[in-house]
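Undergrad: Grabbed the feature section from TrEMBL, which reads as follows:
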- 42-59: compositional bias 'Basic and acidic residues' (COMPBIAS)
- 60-71: compositional bias 'Polar residues' (COMPBIAS)
- 9-38: domain 'C2HC/C3H-type' (DOMAIN)
- 118-147: domain 'C2HC/C3H-type' (DOMAIN)
- 42-82: region 'Disordered' (REGION)
Amino acid sequence: PWSIQLLEEFGQCSFCKRKFFCTRLEKHMSICSKNQDSKRKVFDSGKARARGTELEQYRQGKSSRSAQSKTPPKKNSWKQKHEALIHTVSQARQVQQVLAKGGKEADLPPLPPIENPDYVACTYCGRKFSPRAAERHIPKCKNIKNRLESFCPIGMCQEGLKKGH
């Protein structure tokens, strides 16, 4: 019987849906309405501890460098890699069967090259590289191709062939 009386003394906040004594509800709702408008910033204790030390300067330098070197996330190609693995295992099984029957490894046809979907093709020479290696290679290859096009030995370029050299 006394629990019903207590429930009647409680009121619910219209902002956060929490329950308070009726005497405290009005005060809470005035505060809760102010807090609903603004979101609190997440407190970073590591940043607060580093403030005023050498670590703060180190982190600032590191964050400015890391913002520049952000690379886009890799696309997930697990399915292609999985299929390539299954294909490789089946080919290895075939080789083992031929060797077990007394055949020679030289009699087997050469294995096809495995294509890595993460590799980037060079637009100038067509070779494929890992993304980091491609960043280094492509500018160099562009330079080399431009030099080769500007330098055309007699007999090698189209004009030389037309003149009969």
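Just so it is clear, glycine is given a Cβ too, placed from its N, Cα and C backbone atoms.
In TrEMBL, annotation is done automatically, which means it is predicted and not curated.
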Undergrad: When secondary structure is assigned with DSSP, how many helix, strand and coil residues does the domain 'C2HC/C3H-type' (118-147) contain?
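TA: Tallying H, G and I as helix, E and B as strand, the rest coil: 17 helix, 4 strand, 9 coil.
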Undergrad: What average pLDDT does the predicted model assign to the domain 'C2HC/C3H-type' (9-38)?
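TA: Its mean pLDDT is 86.
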Undergrad: If you run through the compositional bias 'Basic and acidic residues' (42-59) with DSSP, how many residues end up as helix, strand and coil?
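TA: Split by secondary structure, the compositional bias 'Basic and acidic residues' (42-59) comes out as 12 helix, 0 strand, 6 coil.
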